[in-house]
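Listed features, source TrEMBL:
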type	residues	note
DOMAIN	B:78-260	domain 'FAD-binding PCMH-type'
BINDING	B:Thr192, B:Arg193, B:Ala194, B:Ser195, B:Glu244, B:Gly245, B:Thr246, B:Met247, B:Gly248, B:Val249, B:Val250	FAD binding site
SITE	B:Arg295	site 'Important for enzyme activity'
BINDING	B:Arg391	substrate binding site
ACT_SITE	B:Tyr454	active site, proton donor/acceptor
Amino acid sequence: MKSNADDPKLVSARHKDVFEDILEERRTSSDLRFAARARDVPRFRLNKERPPHKIKEDVLKSDRVQYAIEQVCQDTGLPKAEVINQAKTIVDEMAHNLRTGAIRVFAFFLMKVLKQLYQRIYVNEEGIEKVRMLIQDYPILLMPTHRSYMDFLLMSYVFYHYDLPLPVIAAAMDFMGMKFFGWLLRNSGAFYIRRSFGEDTLYWAVFTEYVQTQICNGDSPIEFYVEGTRSRTSKSYAPKFGMLSAALEPYFKAHIPDIMVIPVSISYDRILEESLYAYELLGVPKPKESTSGLIKARKVLEEDFGNVHIFFGEPISIRQFSEGRVDRSKHSLAPRYIVSLTQEEQEMIRVFGHHVVLVHQHNMVISVWSMVAAILVQSQQGVTVRQMLREVEWMKRLASNLGAYIDWPVNESAETMLRASLALHHNIISINNDDVIQLQVAPPIVRGNAVQQHVAVMQTAAQHVMLSMYRNQIIHVFIRPAMIALSINSCRGEELSLDDLYQKYVFLENLLCRDFVFVPDNTRKDFEHTLSTLAHIGALVLEAGAIAVKKSINKTISFLSHMLEPFLIGYWVMCQFLLSSRLQVSAKPLARTQKTLVKEMQALSARLLQEGVIHHYEVLSMDMANNCLHALYHMGGVSKEKRDGVLYMYPNVAQLSTITEQIGKYIDVPPLPAVSIDLHTKTITVNAKL
Amino acid sequence: METRFCLIQNHPLFLKEGKSLLKWNGWGYKDSKFSINKDQHVEFTGERYRLSGSTMPLLREWMKKTVGISLEHKSPSQSCTQDLNLVLENHDDVVKAVELAVKYNVVIIPFGGGTTVTSSLECPAFEKRMIVSLDTSQMNHILWVDEKNLTVRAECGIIGQDLERRLEERGYCTGHEPDSMEFSSLGGWVATRASGMKKNIYGNIEDLLVHVRFVTPRGVMEKSCQVPRMSSGPDIHHIILGSEGTMGVVTEVTLKIRPLPPCKKYGSIVFPSFENGVSCLREVAAQRCAPASIRLMDNEQFQFGAALKPESKSMLTNFMDGLKKFYITKLKGFDPNKLAVATLLFEGTKEEVAALEKRVYEIAAKFGGLPGGADNGERGYMLTFVIAYLRDLGFEYYIVAESFETSVPWDRCLDLCQNVKERLRRECKERRIQFPPYITCRVTQTYDAGACVYFYFGFNYRGISDPVHVYEEIESCARDEILANGGSISHHHGVGKIRKQWLKKTVGELGVGTMKALKAYIDPQNIFANNNLMMGNHSKL
């Protein structure tokens, strides 16, 4: 399949719309020359050149770190020399050692790997040119989406390819343990941050200073993931604010006149870690990253992972974004290394983080395959190729109307596009002799023991979870319309007033706020915008300021509502499970850790699936269960309590019952049989009458 | 304008010698200006300044390079309106005039030297009452000099250079030398909280002030004694200082004086970069060994100063200049596009000056600074006097330019300079100004806890339809940036009308309220209705 020329089987050409493939010229030219070529990179105008070790020195000498050292000495009574040593250790552990030599080695290997893995790597060159211009005038923050380990390798490669200064990357500590790769990454610009360092004053000071000094001096573009970690579900994760706050603080405290943020959306046809993610979501622990693990992964190199689209979004000026939101002069009354961020600044950071995630979503390139996946999730018995063609074309129109960018060159027929995407994902689906597209699953084990049955269920579930992962690549396009659609679809009356509709929408947003990203305090706007879009495309009928329910039930509305079904079923099962657990100890709710709750809920779901009560294997995802618990906590359905340093959760029966009842109004909930599950010698009873 | 008329029309005193020497539509003396001679070089006319009568062959190239002036593009001349005046002779006249104004509900706007840069003398357009401009230019006498206490009593209208010249005849000086001292008045200094170049020795106006008479609609506000300090509640001098003509007129002032220093010496230091210079100034301030004046010019201003160098007739001077340049850029490795220059003025006895020079140059050496000669220093100070004239030349060639200043804590000083320059550059870009703007700054004063920074900003407005408005918008952005960077609304220019929008942010609601309450008590009828400072609407324009 991998050919140098513009092979029609590749479905798309080197130039495609705004995109340009950067791999093709590498297939025909010398790799060595590419790795050794002279690089003339643009530099930040106010930058004072300094090598990585000087950055470390400057960090240790900084007011902030010196102040923190003094504080730690005071608090702990440790001698100053020892605390200084601690600080040195931290900065040594953290710092990158970006060097031209290492970059070339890195580029050389990386290019070989990328050529093996991917057909094409598409980049919007207009975005790159903007970055090139801005790098000279502004400190740059790169905020890519995070769906794969490949993300930061690709980003660095793109910057190498376009003769831009290589970014330094905030990486999690997991990589550091790897022998060769840990070294190579550090020398190619990765710096390592502990996942959590809560109240550690010294670590916090060193980390903040390390990031900020590089932003202020514009040594390199700084890259980090606003979602914090790789999304295992291919959905956007809610933004994290620690790194973001540290990165924006130099602007708030007027160390620098502005910062430019470049949101980057990286869309994969096929994700390298797809099956790893699936098992991880189901609770099979992820193997620790190690060099030998990577070598084992060589077999991955023989597979085809299709195309990657990297879209550099419109740069966002922090000064412009924060205009009218923050007053920087509030930091005039104390030394800048002491004072913390103001309320407004924290609020702005929160809104900004969400904004970036929404920009990410808007700039994602949607593949035909993700539409296929969305359709298959709703038709588990399979869909014929002919039917699928019709559905995909219908869905493409709908998604385009809702603002999605679909990877579908005008000159390609639906059949070509579909066949190409089915071929790429032959490990997930198959086409049988009747031309029916089906999910590949192992036949159920009927007569095995409990363990074998469990393994079989999990294997089947993994396939389902992978499929839903690809549906998730497109679900952000539909989420808000789907919330309105579901509210209408489940309405029993003739008409639905806009106020009632809004109330239903608000409930869903509260419920789903962890599974999907909504900008805080923007519900009303979101709702109105989505409503008018749906009305505009003729998906619903408004009569006298209310929804005419009967006239509005159509293909779009019912398709969109079904999209949310797996989530609501999952949430509903969780609620039922929580409610049943109070029967354990004489009406007093039993408190358990979140982990236990999720595990037990999963066991219950597995049982319900086996018995055919529910059909969505996605419900087994621990991510969904965790999101559900978070949402229930925020809605008052469960409470948290700390005992001996361990956090326990327990249901608030009254509130939780109301929520459960509410969920039941949106979907047809299955009748629950009285099921008993044997789990770690404990017995859980779900009462059907609940 | 139709509601306004003058009490005494065509008053002969208005045309008295003094004012008639000055331009009506620009800065300074009529006989002193930059012009283009027949060789297409810039020359400075008149005989008043060191630069007068000389040609500056480098200046034209500099103007072309930095702001895109081309001599082929001359802008059409603009006109301006003149105001009408009531000219008074002494304190009692003022008291009577104010009483009458109260009686007939007439608005008074006090006028001193007229060197305001904050539009504080502009008549509010919405004012329906008669407006009288109270001209104090004839109240220009020294009333007495008290050598026992080292004080001088003078009338408010005396112009800075006249005051210093007359004191000099007796062997004294006040030492108060704002850059406007050729034209600004004693009363104006008090009313605007002025600052002088040599404040390190003599202090700013609030340090120099011993006594002041202040005529208000309620009567005369003054202290009953002339003592060096007292504890008598909030100091009423601080109500008068910086009141900007909103509550009354300063009529008579007692200032401290000092014997003339026997030795006066210029100097300069060349630094490899502006950052080094700021660190050096900070250290000088920390050690409290600042000379009478120490100013740090950034690279842009240094280059401007170099362009102002008059044509030299002597081979030797040319040779020496070349040698100096060679030494600094080649041997010492200073980048001519990065280096910064500090100008120094030492005053005192010969021994004091020598000791201080030694100490300052030693500190400078720690920050990579090299002594750059007295000549460069002197030229640096001259630059501040002639730059206003140069601005007028610029006006003829599509350049709009102004200066603005601030004070800032030391730790914020460098960031502020850098960020304000960046902000100006960006605002110009966003407004599609096609030529590169000229942006430069200097640190002009050092204090224990911070510094005063002075910016020049100008741009070539060919292709822009409303340059003054665009200029004001951009300057307003720059002030926002200054405040965000921990700087102040002003260091010595005052608030006037153009900075009112930031007053509330600066002193708080309660601060403005207190000022308003004072105003309401002192001037309930709003006779002093120049609409400056705390008066009127404070919302952002």
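Here the Cβ of each residue, glycine as well, is placed from N, Cα and C on the backbone.
What TrEMBL says about a protein is an automatic prediction, not a curated fact.
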Minimum Cα separation from B:Ala194 (FAD binding site), reported as the residue among recorded positions B:Arg295, B:Arg391, B:Tyr454 that achieves it: B:Tyr454
Helix, strand or coil at B:Arg295 (site 'Important for enzyme activity') [DSSP, three-state]: strand
Whole-number mean of pLDDT values that fall within the domain 'FAD-binding PCMH-type' (B:78-260): 93
B:Thr246 (FAD binding site): tally of other CB atoms within 10 A of its CB: 25
Densest Cβ neighbourhood among B:Arg295, B:Arg391 (recorded positions), 10 Å radius: B:Arg295
Neighbour count (Cβ, 10 Å) for B:Val250 (FAD binding site): 28
Cα proximity to B:Thr246 (FAD binding site), best match among recorded positions B:Arg295, B:Arg391, B:Tyr454: B:Tyr454
Between B:Glu244 (FAD binding site) and B:Arg391 (substrate binding site): CA-CA distance (Å): 26
Which of B:Glu244, B:Gly248, B:Tyr454, the listed recorded positions, has fewest other Cβ atoms within 10 Å: B:Tyr454
Residue from B:Glu244, B:Gly248, B:Val250, B:Arg295 whose C-alpha is spatially nearest that of the residue listed as 'active site, proton donor/acceptor', among the recorded positions: B:Arg295
Maximum Cα-Cα separation (Å), residues B:Thr192, B:Arg193, B:Ala194, B:Ser195, B:Glu244, B:Gly245, B:Thr246, B:Met247, B:Gly248, B:Val249, B:Val250 listed as binding FAD: 21
Long-range Cβ environment of B:Thr192 (FAD binding site), under 8 Å and at least 6 residues apart: B:Thr116, B:Ser120, B:Gly242, B:Glu244, B:His492, B:His493, B:Gly494
Number of Cβ atoms other than its own within 10 Å, given for B:Ala194 (FAD binding site): 26
Three-state secondary structure, which DSSP defines for B:Thr192 (FAD binding site): helix
Length of the line joining the Cα atoms of B:Val250 (FAD binding site) and B:Arg295 (site 'Important for enzyme activity'), in Å: 31
